[in-house]
Each structure stands twice: as C-alpha cells, then as structure tokens.
Amino acid sequence: MTMSLFDQFASPTLLGTPLILLALLIPWLLFPTPSTRWINNPLLTFLNWFLTGLTKQLLLPLNTPAHKWALLLASLMTFLLGMNLLGLLPYTFTPTTQLSINLALAVPLWLATVLTGLRNQLSHSLAHLLPEGTPPPLIPILILIETISLLIRPLALGVRLTANLTAGHLLIHLISSAVSATFSMSPAISLLTFLVLTLLTILEIAVAMIQAYVFVLLLTLYLQENT
C-alpha cells in the first residue's frame with residue numbers, strides 16, 4: 001500500500017521514454033503567442049495583466065540594478081505555476097514533486113544571487129556572516145552558523161516546494177481511495193468524504209499557486225540582500 005501511494009510520483013514512460021520532458025514543456029505551450037492586432041483576445045489580455053501585476057509586485061522591494069531580473073523571475077513564476085496546476089489534473093504528472101527538479105531550479109538561481117552580491121558589494125555581502133557588536137569569542141561560531149544558514153537556503157527552497165506538493169497529492173490520493181472504498185458500504189459517508197475531497201482539491205489549488213509565489217518571492221529577498 002505504501003509503494004502504491006508513491007507510485008504516482010514516479011516519472012511515467014511511453015515506449016521506454018520518460019515523459020517528464022513533455023510535462024516540463026507543456027506549461028509553455030499553453031500560453032498564447034503575442035498578437036499584432038490592436039485588440040487582444042481575453043486570454044492574452046488576462047495573461048498580460050497577470051504578468052504585469054506580478055512583475056511589479058516582485059520588483060517592489062528591489063532597487064533599480066535588480067530590475068534586470070524581471071524577465072527571469074516572471075518566467076520562473078509562470079513555469080512553476082503552470083506545472084503545479086497542471087499536475088492536479090487527472091492522469092498527469094507533476095515535475096515539481098521531484099526534489100531533483102526543484103533543486104535544479106533553486107541552486108543555480110540562489111548561487112547567481114550570491115555571486116551578484118560578491119561581485120557588486122563584496123564587503124557588504126561578507127558582513128552578513130558576522131553581526132555587528134559580536135563578542136570576539138563568539139566570532140568563529142557565528143561565522144560558521146551564518147555560513148551554514150546561507151548554504152542551506154537552496155535546500156530549503158527545494159524541500160519546501162516538494163514537501164507541500166507531495167503532501168497534498170498524497171492526501172488527495174488517500175481520500176479519493178476512501179470515497180471509492182466506502183461507497184458500497186455507506187453512500188452517505190462516501191458522499192461526505194467526497195465533499196471533503198472537493199474542499200481539499202480547492203485548497204490544493206491554492207497551495208500550488210502560493211508555493212510557486214513563495215519560491216519566487218524568497219529568491220527576490222535573497223536578491224535584495226545582494227543588490
């Protein structure tokens with residue numbers, strides 16, 4: 001039973017070919033291409049409004065030199081949001097439930113923020129490792145602690161996204177199994193369980209959107225420290 005619960009997180013294959021690459025590409029294929037017409041269709045208008053508002057919200061705490069990251073952050077948010085929401089559809093696969101995918105996104109982006117700080121403001125970036133007014137005997141310990149906290153940031157980014165999506169998928173799988181198992185014994189209990197499943201699905205949609213936003217928001221906070 002334990003193995004069957006986690007089988008949903010295994011990458012599906014077709015004729016021996018993993019379909020995870022297709023799952024990674026589909027979010028980009030669903031978005032319409034820009035049009036040269038004066039009046040856009042409602043979907044493109046909504047997309048433009050969404051990306052503009054999102055970009056303004058993400059760049060609000062950042063100074064001007066960090067605004068060059070706008071395209072990257074907006075693209076990352078769109079990518080994560082698309083994968084998280086599409087993974088809730090039946091017979092689909094969610095790449096963001098794989099820790100390897102999330103770390104592959106978190107580590108390079110975190111490292112880019114750190115290298116940006118070391119290149120532009122070396123003294124200020126190194127000053128984060130030692131709080132002002134630290135007693136001399138505690139200096140080595142605090143430097144070690146701050147260094148460890150800095151290095152675990154990408155791990156925290158990846159694990160947070162993976163754990164939240166994995167937990168939601170497992171709950172949906174368990175409750176949906178309970179609905180089918182109790183239907184023959186007690187339709188009333190099965191109906192009540194189905195109502196819980198519906199509410200949980202709505203909650204999981206909100207979690208998928210929030211986790212994508214939190215992932216990008218934390219990156220902007222790391223970027224803010226280094227610019």
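Here the Cβ of each residue, glycine as well, is placed from N, Cα and C on the backbone.
Record features, source TrEMBL:
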- 12-31: transmembrane segment (TRANSMEM)
- 43-63: transmembrane segment (TRANSMEM)
- 69-89: transmembrane segment (TRANSMEM)
- 101-118: transmembrane segment (TRANSMEM)
- 138-159: transmembrane segment (TRANSMEM)
- 171-196: transmembrane segment (TRANSMEM)
- 202-223: transmembrane segment (TRANSMEM)
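The largest share of C-beta pairs under 8 angstroms with the transmembrane segment (101-118) comes from 138-159, of the ranges 43-63, 69-89, 138-159, 171-196, 202-223. Taking every listed stretch (43-63, 171-196, 202-223) in turn, the largest tally of C-beta pairs under 8 A with the transmembrane segment (69-89) is reached by 202-223.
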